[in-house]
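Please read the structure below before turning to the comments.
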């Protein structure tokens, strides 16, 4: 894969000082993730209202799981399609398409005011939430790839993690909006106004996406795509000179790359294990992460932290539920993201992921083993220890694999298939989320159901822990080093393959 020495424009990006444009790119990409998380998790907060209005609070478990999981089903093909398009047509060209799709479908999710028959409302809601998920899925590989290709190598992990950390703010915002909207209607007739509350909560997810659309369209194409895929090093140098406010000498020499494809023996040799490991780890963590977040309310009802439906005023119950959700997000979820941003370029991606999977395994095992104990406690104060353990699990998911599985695929694959491979790994993650959603749809009130599900999550975390050992750590290395897109790196990869075949251990000097 003879690239020779790294191009000057790419070297300039790697060693560039951190400046305003890096933070602008983080904010622009991150607002997409703010919207993603808001839309994914807000639906669970308004589920009681939908059940009350259309199912007399007796919503079928299958219908509930479908409403919760349909956006995740859309995210799977969205990640594959938009990831592939990002490599074929350019990151920037389709970056705005995903955002527009998210805006339109967020608004459309709450705009159906036809007949109030349950089947009609749910069918329309699920239709638009599937396409909402399709757009959200596309945002994953594009945002990760764009941020990785803009950032300098010293702080690249922190910038990608900061983009993903906006998911935590979106999760928190979903809770805050639900609290404010439900509290605003607290003294009104639930039957008359519940129809407006759930629609307002879902439709407000379009606001941050609308606000960032213009800035996404102003971003130039990444230099790595322009130079390594479009093979226009002069344009890459010109674009980055204007963005980073530094003079980068243009290069006339054409960029040369071995053009092996995704399904070729060469890809299997150099990156097959990496794609397997990133996909398996993402699948494993999303089984746990989405199960615990989307079914948090149901688990808390079963353990006795939240009253069951019908016991309190509808909007009062929604307010209490979302306050607990917000507390978990504020004390567990968000700090986990912050810790990753702070330490990912010091500790390394793999070590953080190993720590996260280990602690998630320990904590889910404790939750499962002590579940009956917490359920027997007679007061909410005595049950709060369960919520603390729950919050710690979320903390180590985010100071761990939930964030690192997003970072690593954006760093270790060649530029011409970086978004595609990220999309494949992310699609497996959303398949894991779907498994979690539909696997948790059993009746929570049946004896022993929740502990059995928690033990299943414990097993999933162990699988992720094992596959993490197959990943390389990209801390402090350029993208071209990690992908083998320099001549020196390619020679090292070839030597490693030969040595492995001959059972020879290479010792770096």
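Glycine is no exception: its Cβ is also placed from the backbone N, Cα and C atoms.
For the transmembrane segment (20-45), the residues of the chain that approach it from at least six positions outside its boundaries are 67-68, 71-72, 98-99, 102, 106, 129, 132, 136, 139-140, 143, 146-147, 150-152, 155, 159, 162-171, 173-175, 177-178, 201-202, 204-206, 208-209, 211-212, 215-216, 219, 243-244, 290, 293-297, 318, 321-322, 325, judged by C-beta separation under 8 angstroms. Per TrEMBL, the feature transmembrane segment maps to 20-45 (among others).
If you look up TrEMBL, you'll see 25-476 marked as domain 'Major facilitator superfamily (MFS) profile'.
Positions annotated as transmembrane segment by TrEMBL: 65-85 (among others). Remote same-chain partners of the transmembrane segment (65-85), defined as residues 6 or more beyond its termini with a Cβ less than 8 Å from a stretch Cβ, comprise 39-40, 43-44, 47, 50, 94, 97-98, 122, 125-126, 129-142, 290, 294, 419-424, 426-427, 430-431, 433-434, 437-438, 440-441.
Panel annotation: around the transmembrane segment (94-113), residues 32, 35-36, 39, 78, 82, 85-86, 120-121, 124-125, 128-129, 131-132, 134-136, 138-139, 142, 146, 198-200, 202-203, 205-206, 209-210, 212-213, 216-217, 219 of the same chain, lying at least six beyond its termini, place a Cβ under 8 Å from a Cβ of the stretch. Per TrEMBL, transmembrane segment is recorded for 94-113 (among others).
If one looks beyond the transmembrane segment (119-137) by at least 6 residues along the same chain, the residues whose Cβ comes under 8 Å of a Cβ in the stretch are 35-36, 39-40, 43, 50, 54, 63, 66-67, 70-82, 97-102, 105-106, 108-109, 112, 423, 426-427, 430. TrEMBL lists 119-137 (among others) with the feature transmembrane segment.
According to TrEMBL, the transmembrane segment annotation covers 158-184 (among others).
Beyond its flanks by at least six residues, the transmembrane segment (196-215) meets 24, 27-28, 31-32, 34-35, 38-39, 42-43, 45-46, 49-50, 53, 96, 99-100, 102-103, 106-107, 109-111, 174, 177-178, 181-182, 185, 315, 318 of its own chain at Cβ-Cβ distances under 8 Å. Among the features that TrEMBL reports, transmembrane segment is placed at 196-215 (among others).
Annotated transmembrane segment per TrEMBL: 323-344 (among others), in sequence order. For the transmembrane segment (323-344), the residues of the chain that approach it from at least six positions outside its boundaries are 45, 157-158, 161-162, 164-165, 167-169, 171-172, 174-176, 178-179, 296-297, 300, 305-306, 352, 387, 390-400, 402-404, 407, 475, judged by C-beta separation under 8 angstroms.
Taking Cβ pairs closer than 8 Å, the transmembrane segment (350-374) reaches residues 281, 284-285, 288, 303-304, 340, 343-344, 383, 385-386, 389-390, 392-393, 396-405, 408, 450-452, 454-455, 457-458, 461-462, 464-465, 468-469, 471-473 in its own chain, all 6 or more past its ends. Annotated transmembrane segment per TrEMBL: 350-374 (among others), in sequence order.
Panel annotation: around the transmembrane segment (423-442), residues 61-62, 64-65, 68-69, 72-73, 75-77, 79-84, 86, 137, 140-141, 275, 278-280, 282-291, 294-295, 298, 405-406, 409, 449, 453, 456-457, 460 of the same chain, lying at least six beyond its termini, place a Cβ under 8 Å from a Cβ of the stretch. Per TrEMBL, transmembrane segment is recorded for 423-442 (among others).
Residues or ranges marked as transmembrane segment in TrEMBL: 454-472 (among others).
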